[in-house]
Amino acid sequence: MTRFVEKISLFDRLSSPMAEAEDIACDGLLVHHHPLAPATTDAQSVTLGQLFKHVGDAHSGEGDDGDPASPPHHVLELDEFSAGACGRDHLGSRPPTFVLAFTNLSYSVKRPRKMSLFRRNRLATDPVAALASPEAFSTTKTLLNSISGEAREGEIFAVLGASGSGKSTLIDALANRIVRDSLQGSITLNGEKLDGRLLKVISAYVMQDDLLYPMLTVEETLMFSAEFRLPRSLSVSKKKSRVQALIDQLGLRSAANTIIGDEIHRGVSGGERRRVSIGIDIIHDPIILFLDEPTSGLDSTSAFMVVKVLQRIAHSGSIVIMSVHQPSYRILCLLDRLLFLSRGQTVYSGPPEGLHRFFSDFGHPIPDNENPTEFALDLIRELEGTPTGARSLVEFSKSRQDEQPALVPATRSSLSLNDAIGASISRGKLVSGATEGTASASSVQKYANPFWIEIGVLTKRSFTNTKRMPELFAIRLAAVLLTGFILATIFWRLDNSPKGVQERLGFFAIAMSTMFYTCADALPIFLQERNIFMRETAYNAYRRSSYVLSHAIVGFPPLILLSVAFALTTYFAVGLAGGMQGFIFFVLIILASFWAGSGFVTFLSGVVTHVMLGYTVVVAILAYFLLFSGFFINRDRIHDYWIWFHYLSLVKYPYEAVMQNEFDDRHKCFVRGVQMFDNTPLGVLPDVIKLRVLKSISNSLGVNITSRTCITTGTDILKQQSITQLSKWDCLWVTVAWGFLFRFLFYISLLLGSRNKRR
């Protein structure tokens, strides 16, 4: 048996992905390189877990024999593989550990027909049509129609077809992203029905869009993913070693310290971003990897590099299932099994080398020097344009499948699902899955870390991302300061006259409602992160409760700064009462208002998924809150059928709290003697006449009322405004409680609205 010993280090081997890609010859023999394969004749493929272990040894300067000077070696067995078409490599005769089989998958959706004016007229004139059931005016669209196939460990299973052929739908069906009641057929792993909860743990799903935090670097993004996916029993140094090995494997070494970027901030390229998206989902070395068009939008070289990475993942002992629109010939050389779809039906299923014979037998031979997949897709589109569609090709494919004998047992896994998962864990896969010292399917944990670890990582990631965009907080702070400055100049140094009392009421109503309106900027925060959150929680990166708590922790410190800034700008300038104690309470009630308002807006962002619609709802509801707060109309004058809205108003409690902070003093007078005529038609009379009227009133009442007699105290003002039920501290705690309640409702909305499944 011939052996080649490659005396190159890990970083020399992986430092140039393009050089490695050039080793592939589509018309010759490709020798499959196991990265850092141990010197053994065992044909089993090395796992990413083993790769990471060897990289950790390399980072520590030790070789396989413990000698620091001894570099790791490659020992390759030429007879482990046999060259196939395109120079693709195939595993030997060893049965695969995992075989994912799906049989007769069918999925249909109902969509209502568009009701035209003429159909309405017909319903009005035709009694038979009018009595028809609603189902008569709806149509059913079949997205999948009896699709069957197998995907095996060590291979890339590619689903191809034109747009609308059902590629993404099939990937979603296999990844348990379609409600089981809506999906017909069976999906098994090693012959056993695959439970959805177990599938979440042993698999990963890479969406078509690159959903990443823009201000994190590539290394930080992968490191945060490692902290989510890898258990806390693994040391930080080992997690860093795993990340470094993955960076090298993905060919991202040159971009490791570059931010991801977005439309405003320049970052990594499209191909690098796609590889990062793959990396964050394979950090824990999943058994099954689903990808929805991972090459979409990339140039040919970047697309080839992405699929090359997927080939490495497959050879590490994983099942890779991907959809691809139109692969190049180089990419075709990396694929092991193809499934062509046309409007939800199978038109070809088999290896790439079988395409020439299949279409030749069908009567449409593939011309020489033409990409087989391009020819196949062009032919399918041409047939779909005919009245009968691709029915002839579908029937021909079905007849060919019926003629072929069933797969021999040697190609199927000889292990039960439980034993296969245990064997994979023992070989280093599912790094986050098993409890320490165990290796079985029953030991696979739903989450890799406890919730407090998740909260810490989520909080750190959010702080890291937001601190690199200080302009966002600066704009928010400027808006609060500008609002406070305008209010301070308008309500400058209010006096204790009846007019000053009315102006104070207006200041408090505007100030407290403004606190809630300025919280509307929290609306797009979750809407921008929503897809990232759904991707990460769909496969148990962390708990939804951890995200909600982290979201509250990250958002609270800015609220403190905003509250102090607004209070300093307005409290002393307006001339509010209470001294330093009153100022401290004023800061606290503003902070509570920000807390409740941000919680309310956050809750709406979990319910309303569109930004503009969300802003409309926020503005409308806050306007209702202000209307029923008690400023425009006292509680005693609100009708019984609207009084419930008064108690639900978020503005009510902060407004009543600051009112009591200002006026809750029975010894402080706001109306004296002739001031009782202010804001009335008698207010324009000369003071001499006012004193005469006041003397007449005194004689009538039998009470001596002079120009200095106190008519209305602060307590009287509170009674006039019907602010008598709760103390200011009670109002503060109720406002704080609203903030907690809305964040709990936000958590409920995430539970109910982030299932991420089709129905």
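One is the number of the first residue shown, and numbering goes on along the chain from there.
Note that Cβ sites are derived from N, Cα and C of the backbone, with glycine treated the same way.
The domain 'ABC transporter' annotation in TrEMBL covers 123-368. Marked as transmembrane segment by TrEMBL: 473-494, 506-527, 548-574, 580-604, 611-633, 732-753.
For the transmembrane segment (732-753), the residues of the chain that approach it from at least six positions outside its boundaries are 533, 537, 544-545, 547-548, 551-552, 585, 588-589, 592-593, 595-596, 598-600, 602-603, 605-607, 650, 653-654, 657, 726, judged by C-beta separation under 8 angstroms.
Counting same-chain residues at least six beyond the ends of the transmembrane segment (473-494), those with a Cβ under 8 angstroms from any Cβ of the stretch are 466, 500, 503-504, 506-507, 510-511, 514, 518, 521, 558, 561-562, 565-566, 569-570, 573-575.
Taken together, the residues of the domain 'ABC transporter' (123-368) have an average pLDDT of 86.
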